């Protein structure tokens, strides 16, 4: 069970968005595996994709389609990533877009395809396209929770987040769903997130908003440091509320804060459901010279198998955290000035173990399920937070036994 | 037991080097934990140290002493890393150097200190220095095997390598020992290697030789991607053979090849004895544009927990290797041209699974204990090889239970 999981919250419908989920038979019979998202005319959409050079066929096609126009439909299948499938993979993804377009009365370029599941198997195009009529029939505004189920692979829980804020005296909704359990499992290629708002946001403004929100959420999590061939995050703005916050205004700030909060919650849910995770760890690096050195330090800690196994063992092994900070490549770091805290307990100061540190106090923190590591570099005003989980026997089991 | 370990080979004495090993009581009573290496007058020495900013007190002092003059003694203790010990750690390391100097009739600056073991505990200076007379009494030219035992921490086997080559018709010896089981365990801070030759090599030439040899050996291994606070590798040239190969000559090439071979063998022994290792994996990246992109790709594969757990499971999971190549950050990589082999079996070509690949053939390779991954980037003439091991339940157990 995911660390600190509270169940799926109420997911408010977003005007201009309908979702249809069906069991097309790509996975086990009866298991939802195909999700169709319909956007009303006039909606804008923005997406960020994996930086993996071996990106999957649907990523290539979705990026291409999105560059030309605003989408009418998003088609998401689980059970097969259509990755490592070469040229045939592109043909298959295009065929699926055409099937949606012919049923939906639009062009194939108006459809964005997304796939998640096993790498390297041919996409079962016939099975998938046979499910499309049922997905159309299932389209409803209240379809978010079903869709949250329909995009899962080996996740143990569905992931959703929803906010309603008031902008200029009128309600605006932001709702999103995500999936992913290894930060990326290339063989269950992996993180997907779909977020919609009924605010009016033009495409170039939406691009900037998504980039910033993802930078503070999906790009700040790590389960195992791997990066999928299929990662994608889509932000859609339908405009159905009629509310158009001007970029730079307080109203826009309200929207951006809410979108970022939804993204952060969806991202943290992926870490909480991390493979084999028993702890949820926030790594906060403060007083760095710039963002880059803060994230370098945070990720070096987050990716260290030694730190992660120590957390699994609830072992307040401050030496491993100190060594990770030391090898993060921060130039001219004044070690005497660096302090490291586990929650409120100072574990490192003056270049070594804090003088007043007692193991029993560190142990009290480590015994908790949610822990914050705070590294103070004491040389600037930048800061960054990264979320990760521990490294357990179950991580090895899940990833060693996945295909056997 | 270390993967493919053949036992300690015959370690030829090196003229001008004597080694004394004793049980000072830093570790369990009766367990060898203190090694003294004596260098004859006229010897030169070169060292490479950890790049971890939080480097240990003995690393700081050894670097300082070596910059001023040629050493007469190296003092190595296990059981305590004298790392994360702040200013007192420097005082303690200096006290140990002084104790050796007063017994050996030299100055403290002629002594290089090395420590390995638990981080963050004060160095037990009294216990350590009481052992120094016994270490002096034990000094013998045949002391290499005992020293190989004396520098171990949680290694499961002693590590040594020895070569004799003929240069200008005269025999030259190169002998070395190493320790380390996690690439670095910051809490058992970690890799040490001491190599000596009786060739005559001037300091600046020796510096270049060690840098190149370490670049092809100790800097090409990874167990878990962590980097210790205490890593050090020392190359000593006593000149006792009277053979002085001129830099640039064929004779020097003979010496360099032998030194590099000894370093590579010592480095590989560390991987073979990697924590929880059940497989020894060579990752060879060829036809890259430059060294950097070759090592970037090799290390991305070597550090991927997903790849490492697949090797533990003997699972020919080519998708994970492909995804690791894809996220290594190689600019403008032509995916269609990349090929990946497991030993002689082609698993990836034309941007996906090789057309003629059969799982059974991949399985035959994966069932072996020693495996080579060969990645052909098909865009240049650079290449690099990195050695690593798999990621097992025992890695988690060893690192989760280490202090509990």
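From the backbone N, Cα and C atoms, a Cβ is placed for every residue, glycine too.
A TrEMBL annotation is a machine prediction, not a hand-curated record.
Since the structure is predicted, the reported quantities are computational estimates derived from the model, not experimental observations.
Around residue A:190 (active site, nucleophile), a 10 Å sphere centred on its CB holds 32 further CB atoms from the protein chains shown. The active site, nucleophile annotation in TrEMBL covers A:190.
Residue A:275 (substrate binding site) carries neither a helix nor a strand DSSP state and counts as coil. Per TrEMBL, substrate binding site is recorded for A:153, A:179, A:190, A:275, A:399, A:404.
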Practice item. Return the single residue from the binding-site residues list (A:153, A:399) that has the minimum number of other CB atoms within 10 Å. Key: A:153
Check your understanding: Mind pulling out which recorded positions among A:179, A:190, A:399 sit under 8 Å from chain B, Cβ to Cβ?
Key -> A:399
Review point. Tell me, by DSSP, whether residue A:179 (substrate binding site) is helix, strand or coil?
Key: strand
Exercise for review: Specify the count of other C-beta atoms within 10 Å of the C-beta of residue A:275 (substrate binding site).
Suggested key: 27
Check your understanding: What is the interatomic distance between the Cα atoms of residue A:190 (active site, nucleophile) and residue A:179 (substrate binding site), given in whole Å?
Key -> 7
Point to revise | Local Cβ density at residue A:179 (substrate binding site) - other Cβ atoms counted within 10 Å | key: 27
